[in-house]
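Student: Here it is, the structure in full.
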Amino acid sequence: DIVLSFIHYSLNSEDVVSTRLYFVNASLQRVTFSSSVGVSLPCPAGGAPHAVLRWYLATGDDIYDVPHIRHVHANGTLQLYPFSPSAFNSFIHDNDYFCTAENQAGKIRSPSIRVKAVFREPYTVRVADQRSMRGNVAVFKCLIPSAVQEYVSVVSWEKDTVSIVPGNRFFLTLYGALYISDVQKEDALSTYRCITKHKYSGETRQSNGARLSVLVSDPACTMSDFACAVSDSYVLCLTLHALCLTLRVLCLTLCVLCLTHVCHVWVTLSPKNLKTGISSTVILSCAVQGSPHFTVSWFRNTEPVLPDQHFSIQGSHNETLFITAAQKRHSGAYQCFATRKGQTAQDFSIILLEDGTPRIVSSFSERVVAPGEPFSLMCAAKGAPPPTITWTLDDEPIARDSAHRASQYTLSDGSTVSHVNVSNPQIRDGGVYRCAARNSAGSAEYQARINVRGPPSIRAMRNITAVAGRNTFINCRVIGYPYYSIKWYKDGMLLPDNHRQVVYENGTLKLSDVQKGMDEGAYLCSVLIQPQLSISQTVYVTVKVPPLIQPFDFPPTSIGKLMYIACVVSSGDMPIRITWRKDGQEIVSGTSGVTIETKEFMSSLQISKVSLKHNGNYTCIASNDAATVSSERQLIVTVPPRFRVQPNNQDGIYGKSGVLNCSVDGYPPPKVMWKHAKGIGNPQQYHPVPLTGRIQIMPNGSLLIRHVLEEDRGYYLCQASNGVGSDISKSMLLTVKIPAMITSHPNTTMAIKGQNKELNCTARGEYPIIIRWERGDTVIDPDRNPRYSITTSPNEKSDEVISTLKLKPAERGDSVFFSCHAINSYGEGRGLIQLTVQEPPDPPELEVREVKDRSMNLRWTQRFDGNSIITSYDIEYKNKSDPWELKHATRKISPTNNQANIVELHPASVYSIRMYSYNKIGRSQASKELTISTEEAPPDGPPMDVILQPMTSQSIRVTWKAPKKELQNGVIRGYQIGYRENGPGSNGQYSIVEMKATGDSEVYTLDNLKKFAQYGVVVQAFNRAGTGPSSSEINATTLEDVPSQPPQNVRAITVTSDEAVITWSEPPRMTLNGVLKGYRVVFWSLFPDGEWGEMQNITTTREQVELRGLEKFTNYSVQVLAYTQAGDGVRSNVLYIQTREDHPGPPAGIKAVPSSASSVVVSWLPPHKPNGIIRKYTIYCSSPGSEVLFYRITHLTRGQQYLIWAAAVTTAGRGNISEKVTVEPAGKAPAKILSFGGTVTTPWMKEVRLPCSSVGEPTPTIKWTKDSEDSAIPVTQDGHRNILVNGTLVLRSVKAEDSGYYTCTATNTLGFDTIIINLVVQVPPDQPRLTVSTTSTSSITLAWIPGDNGGSSIRGFVLQYSVDNTEEWRDVFISSSERSFKLDNLRCGTWYKVKLAAKNSVGAGRISEIIEAKTHGREPQFNKDQPLFTHINSTHARLNLQGWTSGGCPINAVLLDFRPKGTWAWHSVRTNATTDVFLAELREATWYELKMKACNSAGCGNQTSQFATLDYDGSTIPPIKSARGEGDDVKKLFSIGSPVILVTLGMALLFIIRKKRKEKRLKRLRAKWSHWTFCSHISLGEDKATIPVTDTEFSQSVNPQSFCTGVSVHHPALIQNTGPLIDMSDIRPGTSKYRFTNPVSRKSVKSAHSTRNRYSSQWTLTKCQASTPARTLTSDWRTVGSQHGITVTESDSYSASLSQDTDKGRNSMVSTESASSTYEELARAYEHAKLEEHLQHAKFEITECFISDSSSDQMTTGTNDNADSMTSMSTPSEPGICRFTASPPKPQDYDRGKNVAVPIPHRANKSEFNHNVLLKYNMYITVTEQGLVQNSGPAASVPTPQFPRYRVDNAPTSHGSKGQQFFMGINTIFLAAPHIYTKNILRI
């Protein structure tokens, strides 16, 4: 509660005082200064108003002035003057000081300040070698001598003369230690030095070079013991056992925290300023932050606080000070000091204690209230501490209940406020209310009456006890109101009756200075409540009398006398108690010779023998029930002065302190005075000694001279007096002795190496004086070292001694401190001389910091400057092969530089460099010669002879030569070709492509350029250093191309019935891609049946064209295109127009037949050219309508001939009339057909009606037939066909097989009539035959031959393509007129699948077979001529990625996997770089395995290698030796090799067996066909899916004289699509093995034999001799069949490649595809192959046709000579093969750089002649069957069409009449043998 109330008050107290104290620099705790400079130290404390500032020693002694040594200025500044080493005084120059500031607020002291003077001491610093385990930490400590350690600090560290920059693994601690973490082996290769600097003299020192020994230990962590030890100089992280990584990191972290944190101490004392009252309790809290180890001390007004009855210090660190019952004297400045290891922090607080007696500052007034009327009373008081307020009513405490409530609180100004609230007052609540404020300092009261209306009455009143002489108040406790008056009576008399009595209006009686006899008695209080009615009560007052002591005094006395003193009480109520006290302590009778005798009202004090101990204050205390009184007097015992220690003569040493003893006693204490008479003779006159800080009188009377000076010598007189008796005095002689001191010596001096040098030193002091010389810390003995000699002699002119040291001669080692020491009996002086021996400097240590292409940065360290300032440096350099006479030099380099740049060097050159340094003495020797090589620089010259040659509309070939040799500045690595478009709208920025250098002449083709655009091209060469200047820009324009956009705004402005005017605007200029030559307007008609008319085009140069001769009332599609020299551009969107109606043409036919005797029926055909919508027909004069194509004319005359014709009518009018027919009505008419024959065209799957309306009498019958070869087949009615009553034939869902000639015959008894209708069913077009014409790295150009159009003109093609291993197809729509297309923007080196379908009016046709084609490019390969690594050290390796060749496709990623040999985990690195990549953080001296994978869009290439990092010293390591024994190796080899050997033996056995069987078959073949030159044939068996064909098998099966070796593989056709049957995935460069994959299972092959429609296929691979290149024609295919009549679809793939590339397999193949479904397409492919420009010099020949019997191993060959064997080929169950090859041309006949597809189809015919290639048909026609056989020449030679059909006109006849019979034979001509097979003979 005390603490809380105190804090509350302190926060709300007023300002303490207007005065204050403060610290200017409380943190100042240490001052070090140079003895040659001195120091001025302002007092760190201050105050306002002005505070008195004083300086003290830490011992509390005042500071005194010492002339020319120390002085305190009036402003409080302490100044220490410069001094010589001989004048050093530790009490002055190496001591603790503090300063105080004092004013009315108090007195504060600063923390102790260590003041220390520093001499120019010689010192050296050194570094000790250290040892550490690898991966651990190492700490180098800069060892500084303890004498200078405080003011010499480490400023930097060097590693091999290079300053260490903190960071990474190197740290500098706050104490100057070098901390190395994660120690590596290479750290042991360097030396480490520390650089120090003297804080005050500025001198720098460099230590010796220290080494680090790195130990390698087992990294296993078995036990760890860490310590982070922090000392005053450095931090060391120790590991006493094996270091575990986790604990090591923790230790290092803790150590770094220790390194970077200094544990300071901060102190906060609260409260800061406090004003409180006397007798209060004060609590001061000292909060210390920082280091946990500290001690706390308390001071008040700079004096230590000692615990007593008021002060108590508590807390674990004495951090809390309690002041209990604080008194006025306890005011002042309180300070808390916290100290830790020399660090001190403090804070202070000003405490002001004042009279805090409470006083009432606000109160309530008297009032009248009614019963039940609430009222509130307030009383406020102030005091210190804050008072507590209590309430009474008529001297009784106020009850605390629900009706009476009291509260109390403290305001911000410190006032205490209390309220009393009465909520429901009654009469009893009236009366005198009193508030009393009390605290420890006193109390105060206030009272007033509160009247509550009601009947008056008087409370019961208690008797009162009064003290005589004091005032007493008597209250009449009246309640109720109103009343008339209150009166007091005593002994019947109305009061007041004297001046001491006062009656207040509220009825209170005051008795002043109460007297016992007069005021004691009964008092009556009478209250008049009505005019004639009063009430009263009596109170009795008792008066008690306090004691009264008569005055007494002590008489003067002296030692040994008697003393008697009586203390008498003259009045007071009995009993009275009397006691005695001395100096506040109670006196016990009988002790210390004092006796006390006490009677009833008197007490006596008796001393039998007075002594000095009886001096003091004596107090007599008397007390009774009324009061306690006292009387105090002083007893003084006088003693005359006398000497306890008399002064004697003594010596004082100059500069030291001295005490002149003189001790006296007496009482009162004597006053001592010292006097001085100068001189050592008889004293003449004494003068008072001036008391200063240097000279003081000690408490015992002795004279203290703190710093003895020579003028202090002489006689001194000590005189003492105290007024008792006479004064005493005594004199003494002080003699000052001078200690030996050096008075003159040079501080520094110079000497030249090799010359003699003298050092002089002068000393003075008391004789005898000895001079000693020292070199450093070693005493010089000339007897032992004859190079030194010492001479000493007195100075005749003074009392000084001169000593000379001679050096004969001076050496480099003499550059040290020499000291001369003067010694006598009273002290020793020293003079320090720094000798510097100068000489020419040592050569600098030169190192190359950085080497560039044309410059190098050199850095050097000047180890020894010859003790003379370096004035300049010279650098000399030359080409290594030149003598130094041809050197280049850089002269007079500033000595402030330690590095220089040598410029204007030549790149990639070797230089020798050396260096000299100069000082005032001369030039150094040459430094160690360095040899360096400059780096490569970017080429200085551009590429030469740059030539541009446009190749295509989007490519330009750039050729150039390398820059001049002297300007290449290194090895040219490659070139950058920059190109930009120099046309309007271009941004002018160059696009850059890069290529590797291949030689002195280079070529590059820029692709994907804009068409017909001018480009500027520059070429830059680059080497490892960068890119050189570019060549001059050369411009070239790409070739013209077709416009890429159509003409704009195509529209028809006028359209008539046969003309249309079409206009358009020019395409955008940027899309012309050349010079616009003109426009083509392409248009065709669209007939109502959906057919397209013939496509026509008109060429014009204008932007308008008139289309004339158009069909009337016809829809036309119009497209416009622009064309350039390169060809036609893109067509515009189709513009649809319709010509207007016109007069129709005549009806196409008319029939008129009689239907009765009076009528004829007329029928007609619509006009061929209706020229509009036929509205009606006119027969004779009119026609009822246009939809009816016959009309019955009645009412004609029988037998009369009529001429009838018809005409059509449109909105334009009547057209031409038809031909006229003559008709005669008849009673009976033969059957006639009104419908017309002709051709009916319809899309498939539609319903078709073929009309056959007939007339006749009797009614004719209708019969429908369909022609089938040589017979007519009646049409039967079924769900597909139906004949209506009117004779119309209805065909539902027509198909292709429904096409043909339908004959309708109408017959009656009178005759018959016939019409023939040719039904043409339009079907989707047949699949095109798709081939590949050319490929590039980003495009594939396709060509195709459309298949049958299905009876409807082809309207376009849909091309689909996808990447080979995906099924994401992309569609491209191509115009119907196109026969080739270029797929652009493809991925390089990627296989694509392509298929094509045609569309006509019916829909999309069959999709062509999927072909595969590959863009140019292959996966990357590593060039073994290139180095794999360009640099390897102990931790890094730089890989040379330039060794990868791109294979024609840019490399997009390089994957690296590496691991130390013997480990499992791989480290992976992925990079997009194409030059170099670094492998970092490698283990030193370790073998590594490396796997590289370079990837581009064509695939990935692999490269493996091994490498080893260097050892830490840069040396290589030996290959890894297995740690296992030889037996382990053998076991491992056996365990690995055994399975391999078994597999190899099994495969060899299998091959031998197969080889034997094959040799048997080949022997039979050779025996029969020894004259043939054919290649070995391998028949795929049913059990094997793959057959490898090796070089060995080729050589064994082929005649050595045979030029070409072929391998043909055949197998039965497949039931389902099984994909390509050739698998080249395992073929690798450098092999000669082919792998054929047969995915057909045994089951599927057997089932294939039972299928009738089977087709044979083959592969042909030709491997030619390596010395003779040849082309290989290859075919692969897919075959799909069905046993249930489903159409069979085949697809053939053809490819050609150079034979030397055949071993590269699929990577070098370009496949094309045929979509033909007929066998004869192979012949076309054969002819096509002959026309290919790449094979135009090849020799084509058919090599062989095999027929194999699947039931045996027999194999036969079909030739022209054996007709029977050829006939046997017709057997469907026998598969066979046939092929042709192209022999290689001469080397000069083909382009060796091209690899182009050659389509060579090989397909079996659908017909039964499925074992040979059908070339054509020969048709023979004769009138006799025999003549057919004997005819020597065919009537017609028919190529193989899609639908074999041929019309024979002018057939030969024997007599030239109709009905002639003749014979026809159709023979086939095959490719393999020109033999004629007659199938059958037709009789016609």
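Positions of Cβ are set from backbone N, Cα and C atoms, glycine also.
I grabbed these lines from TrEMBL:
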- 111-213: domain 'Ig-like' (DOMAIN)
- 279-349: domain 'Ig-like' (DOMAIN)
- 358-451: domain 'Ig-like' (DOMAIN)
- 456-536: domain 'Ig-like' (DOMAIN)
- 641-735: domain 'Ig-like' (DOMAIN)
- 739-838: domain 'Ig-like' (DOMAIN)
- 840-937: domain 'Fibronectin type-III' (DOMAIN)
- 942-1041: domain 'Fibronectin type-III' (DOMAIN)
- 1046-1142: domain 'Fibronectin type-III' (DOMAIN)
- 1146-1229: domain 'Fibronectin type-III' (DOMAIN)
- 1219-1308: domain 'Ig-like' (DOMAIN)
- 1324-1418: domain 'Fibronectin type-III' (DOMAIN)
- 1533-1553: transmembrane segment (TRANSMEM)
- 1691-1715: region 'Disordered' (REGION)
- 1691-1700: compositional bias 'Polar residues' (COMPBIAS)
- 1751-1775: region 'Disordered' (REGION)
- 1751-1773: compositional bias 'Polar residues' (COMPBIAS)
Student: Go through 111-213, 358-451, 840-937, 1046-1142 and flag the stretch with the largest number of C-beta pairs under 8 Å relative to the domain 'Ig-like' (279-349).
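Tutor: Highest pair count goes to 358-451.
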Student: Is it true that the domain 'Ig-like' (111-213) and the domain 'Fibronectin type-III' (1146-1229) have 3 or more Cβ pairs under 8 Å, skipping pairs fewer than 6 apart in sequence?
Tutor: no
Student: Restricting to the domain 'Ig-like' (641-735), what is the model's mean pLDDT?
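Tutor: Taking every residue in the domain 'Ig-like' (641-735) and averaging pLDDT yields 88.
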Student: Between the domain 'Fibronectin type-III' (1324-1418) and the domain 'Ig-like' (358-451), are there three or more C-beta pairs closer than 8 Å, counting only pairs 6 or more apart along the chain?
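Tutor: Answer no: the domain 'Fibronectin type-III' (1324-1418) and the domain 'Ig-like' (358-451) share fewer than 3 Cβ pairs below 8 Å.
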Student: May I have the DSSP-based helix, strand and coil counts for the residues of the domain 'Fibronectin type-III' (1046-1142)?
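Tutor: The counts are 3 helix, 49 strand, 45 coil.
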Student: Across the domain 'Fibronectin type-III' (942-1041), what are the DSSP residue counts per state (helix, strand, coil)?
Tutor: 3 helix, 57 strand, 40 coil
Student: Pull the DSSP breakdown for the domain 'Ig-like' (641-735) and write it out as helix, strand, coil residue counts.
Tutor: 3 helix, 49 strand, 43 coil
